[in-house]
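What follows is a short report on a single structure.
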Amino acid sequence: MMPAVKAFPFTVISHGLAVVALIMVLIWTFHFNLSNSVHPVFMLFGLIIIRGEAIISYKSLPFIKEVKMVIHLALNGVALVLGIVGISAAFKDHNESGIANLYSLHSWIGIGVIVLYGIQWLYGFVSFFYPGGSADLRRATLPWHALLGACVYVLAAANSALGFLEKLTFLQSSGVAKYGTEALLVNFTAITTVVFAVFVILSVTSQPSSDQHHDDYRIHSAK
Ligand code: HEM
Ligand code: HEM
């Protein structure tokens, strides 16, 4: 299923798109968005950008596998914490303004995403890092870890698009112009987010560089 192309160009494009998406969401939140909720910034930065960088770290970084594993684990941990803070901020905003919690499809999928992400992180930590499962268990579950991690990531990116749509719809029903600067900025931020996620998945599903192959071979044969 893996295309016979190297991941490197995809990882470079991913980094570039991450920077663009981050700048756009910061401009929206701190220059335009009157509600001043930090929820979109935390979710986009944590659960999409940092998590995307964590996922592609095995393909984008030039280090040996053990070092990349610690970076992958740590970035995924930071993303999880930022995601929890971002969701707590949304609940706080709702409670302070007397708005009901968990009424939307976006919020239901959002809870699913954060729960699955927490389980994925705990499983990865316990089985691949500390205390570490048996070699057989790791070999059998690693493809599932990679596949399910990528699936939950796609779900998170789709849920972000729902979040942008929902927020912009609220804003447009309270007077923000349908084709105005803010509306275009929000829609293009959502598109950049989705394209970033596509490049993360392309990076994961394409080949490591030949140096990384060498590293992998050395480490696996040393086990
Ligand atoms: C993977 C990323 C995201 C997750 C997991 C997520 C999760 C959630 C959750 C659980 C809530 C419910 C809070 C409550 O009921 O009090 C919520 C609310 C909300 N989120 Fe997100 N969110 C994400 C990204 C975004 C983004 C990028 C936006 C862009 C604007 C956004 C906009 C909103 C809005 C407007 C609400 C309030 C309305 C509602 O409850 O549906 N979200 N989000
Ligand atoms: C929610 C958190 C996590 C997500 C979403 C996630 C996702 C992924 C994905 C998508 C891959 C495939 C990367 C590729 O093939 O290029 C992967 C590989 C891997 N992950 Fe995770 N991961 C998470 C947490 C962890 C943790 C905590 C560990 C503990 C050390 C871990 C260890 C590994 C290992 C060993 C690989 C295999 C790399 C290889 O040999 O190519 N992951 N992960």
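The backbone N, Cα and C atoms fix where each Cβ goes, and this holds for glycine too.
Record features, source TrEMBL:
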type	residues	note
TRANSMEM	7-31	transmembrane segment
DOMAIN	9-205	domain 'Cytochrome b561'
TRANSMEM	70-91	transmembrane segment
TRANSMEM	103-130	transmembrane segment
TRANSMEM	142-164	transmembrane segment
TRANSMEM	184-204	transmembrane segment
Dominant neighbour of the transmembrane segment (142-164) in 7-31, 70-91, 103-130, by Cβ pairs under 8 Å:
103-130
Summarise the model's confidence over the domain 'Cytochrome b561' (9-205) as a mean pLDDT value.
96
